[in-house]
Amino acid sequence: MTQDEMKKAAGWAALKYVEKDSIVGVGTGSTVNHFIDALATMKADIEGAVSSSEASTQKMKALGIPVYDLNSVDKLSVYVDGADEINGHMDMIKGGGAALTREKIVAAVAEKFVCIVDNTKQVDILGEFPLPVEVIPMARSYVARELVKLGGDPVYREGVVTDNGNVILDVYNLKIINPKELEEKINAIVGVVTNGLFAKRGADVLLVGTPEGVKTFTA
């Protein structure tokens, strides 16, 4: 089974967490694109979706899935999204696709977070994948200096502007022993919008595509 086939298996497996007549929170990325394809097969049974990125919004609209503004929605029963890394405690690094802020907002609203990945994303300790940090443009150099003080090696992601009009610093060489603590420390730096650690709001369910099929883990 190829990596993409494992992603597809995880994406389709997430359908069972979608409630009838509900509004579904939808993330961003290659694995989520498979989930969106799956969701389109039951679009008549759901009210619609809330999206974490312009890219996912466009894909869902093209498939005929109604997309709602989060401000018009009282609750989301489930949010389905991928991860760049996830550990055994359901803490994640996300934001490789630069949609981390909106992803974090939608995840905060949802009652259940279902994370869909292939088996290459499971790690013991977070940090081998560089940690994305969304930053107000004028604060980029200041924030980079503060991240160095935390032991990281920040690199400006050239040519990338987030859906919110901000920039991304990718922080290398962090061995993240306490994800919740580091998430709070980085978010406390003036000029940081948010960072890609999802530890305060981790996943509730993890669906992992493997060569043997989809494995399910719960928090």
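The backbone N, Cα and C atoms fix where each Cβ goes, and this holds for glycine too.
Per Swiss-Prot, active site, proton acceptor is recorded for Glu103. Taking all protein chains in view, 31 other C-beta atoms sit within 10 angstroms of the C-beta of Glu103 (active site, proton acceptor).
Under the three-state DSSP scheme, Ala83 (substrate binding site) falls in the coil class. Cβ-based neighbour count (10 Å, all protein chains) for Ala83 (substrate binding site) stands at 30. Look at Swiss-Prot and you will find Thr28, Gly29, Ser30, Thr31, Asp81, Gly82, Ala83, Asp84, Lys94, Gly95, Gly96, Gly97, Lys121 tagged as substrate binding site.
Within the set of binding-site residues (Thr28, Ser30), the lowest number of other Cβ atoms found within 10 Å of a Cβ is recorded at Ser30. On a Cα basis, Glu103 (active site, proton acceptor) lies 11 Å away from Ala83 (substrate binding site).
Spanning the listed substrate site, residues Thr28, Gly29, Ser30, Thr31, Asp81, Gly82, Ala83, Asp84, Lys94, Gly95, Gly96, Gly97, Lys121 have a farthest Cα to Cα distance of 15 Å.
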